[in-house]
Amino acid sequence: MKVAKFGGSSLASGEQLRKVFEIVVSDPERKIVVVSAPGKRNSDDIKVTDLLIEAAEQQLRGENGEYLIEDVVSRYASIAEELDISESVITGIHENFMALLHADQTNPKRYLDALKAGGEDNNAKLVAGYFQSLGVEAQYINPKKAGLIVTDEGGFTRVLPESYDRLYALRDEPGIVVFPGFFGYTLDGDVLTFSRSGSDITGSILANGVKADLYENFTDVDAVYAVNPNVVSNPKGIRELTYREMRELSYAGFSVFHDEALIPAFRAGIPVHIQNTNNPAAQGTRIVNTRDNTNGPVIGIASDKGFCSIYISKYLMNREVGFGRKLLHILEDYGVSYEHIPSGIDDVTLILRQDQMKGDAEKKIISRIKKELHADEVNVEHDLALIMVVGEGMRHNVGTTARASKALAEAKVNIEMINQGSSEVSMMFGVKGHNEETAIQALYHEFF
Ligand SMILES: Nc1ncnc2c1ncn2[C@@H]1O[C@H](COP(=O)(O)OP(=O)(O)O)[C@@H](O)[C@H]1O
Ligand SMILES: N[C@@H](CC(=O)OP(=O)(O)O)C(=O)O
């Protein structure tokens, strides 16, 4: 049995849905179909999810977001029209979105999540209706009915482990199950969405729950490429990646697959296959536990912007018991998490996502570090990009760091920090945000 997830780009128009249908029915093993909300039809388009977020925010500001809901509904209507799906389906979708828009706003986060989730929920109904109209046994199944139970952990949606056992029963449903991605229900019956692009997570949870043989993730590229194809043209496609490599690369910026979507499939030993809806004959990329051929030290290079670093220096920091704890406690007081902590004898650097520093949080954090920890020096650097060079082969190859540093030096990119850390499959370089693309191109040409 296979779980097939289709992303927003695969569901943006009637023409795309036709391709999805052909793919699903061409393999009887494709039993569970997870869908996102309609995505962009071209590069200037807006995703349905973004329209829904804007509509919710307008309502919460006391403005009227109804015109945005009309835009959203017209997206479903044009798909339905292209595919000759009964108008009553669109009437139902319109009513549902209007009810969500005018729902109780006492808890703004819950209100926003419910409206956002409507994008995938209504799309699953539309896709199931389309499959039925072509004479195929298919049904929409709601995550609450299926038992996809989630919880809110400090603002992050996490699946509850008991969901997996409940979801197993989906195996026995008749025909094809069309399941909306991106959200689940709390034990109290509230809708909670995963983070953006979270339908990949739903697909992985379902693959684990039904103990699928394969989790197929259909998108709009022939493969996961060694670098972001928007930064280097025609980059090398990757045939096989390990879970660990993909986890590092998706965390560090490969937006093609959500970084939280690997763990459920990985825990159940289910391989993930990333494929192209627009070219299903292409080989795609398989994500597996181990791969035989390491093909040189590096398999991919990812990057992400929007980081800052706090450098703290204090003579004899290494001898001071509790220094790290006190430092991290200050961050905790402001609800700030860290990404990396490279350290030396007398110094430590905290690398954080800059957007967490709301209001005067940064000022307060710095002043407390200075006062409470009696630091000799505290410096903040903004607008950093982190570049992750990843590959299982790195463990067996000598000189990879030297090659990377040389390539960056030749491209005149100053390395702000290096962290080889405890991960055996990656090394990280911090560079100024404006050097990100130059750095990626230089590293790509060095290793590929
Ligand atoms: N290394 C990479 N390999 C392939 N695609 C990548 C990579 N890095 C970023 N991308 C981008 O990810 C996009 C696919 O992800 P996404 O837009 O979320 O698709 P979907 O609509 O299927 O969810 C590609 O079109 C590509 O622009
Ligand atoms: N529609 C949601 C969830 C999702 O997974 O979408 P996509 O498959 O288009 O990345 C979002 O835009 O975040």
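Quick reminder: no glycine exception, Cβ is built from N, Cα and C everywhere.
Automated prediction, rather than curation, is the source of TrEMBL annotations.
For reference, TrEMBL has these:
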- LYS5, PHE6, GLY7, GLY8, THR219, ASP220, TYR225: ATP binding site (BINDING)
- THR49, GLU120: substrate binding site (BINDING)
- 389-448: domain 'ACT' (DOMAIN)
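Feature annotations (TrEMBL) mapped to structure.
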{"residue": "LYS5", "record": "ATP binding site", "contacts (Cβ under 8 Å, 6+ apart)": "VAL33, VAL34, VAL35, SER36, GLY181, SER199, ASP200, THR202, GLY203, TYR215, GLU216, ASN217, PHE218"}
{"residue": "PHE6", "record": "ATP binding site", "contacts (Cβ under 8 Å, 6+ apart)": "VAL20, VAL33, VAL34, VAL35, SER36, PHE218, THR277"}
{"residue": "GLY7", "record": "ATP binding site", "contacts (Cβ under 8 Å, 6+ apart)": "SER36, GLY39, SER197, SER199, ASP200, ASN217, PHE218, THR219, ASP220"}
{"residue": "GLY8", "record": "ATP binding site", "contacts (Cβ under 8 Å, 6+ apart)": "SER36, ALA37, PRO38, GLY39, LYS40, LYS47, VAL48, THR49, SER199"}
{"residue": "GLU120", "record": "substrate binding site", "contacts (Cβ under 8 Å, 6+ apart)": "VAL35, SER36, ALA37, PRO180, GLY181, PHE182, PHE183, SER199"}
{"residue": "TYR225", "record": "ATP binding site", "contacts (Cβ under 8 Å, 6+ apart)": "PRO235, LYS236, GLY237, ILE238, GLY300"}
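A Cβ distance below 6 Å to any atom of ligand 2 is met by none of the binding-site residues LYS5, PHE6, THR219, ASP220, TYR225. Listed binding-site residues: LYS5, PHE6, THR49. Those with a CB atom under 6 Å from ligand 1: none. Break the domain 'ACT' (389-448) down by DSSP state and the numbers are 31 helix, 12 strand, 17 coil. In the three-state DSSP scheme, GLY7 (ATP binding site) is classed as coil.
Of all Cβ atoms in the protein chains displayed, 26 besides its own lie within 10 Å of the Cβ of THR49 (substrate binding site). Within 10 Å of its Cβ, the residue among the binding-site residues THR219, ASP220 with the fewest other Cβ atoms is ASP220.
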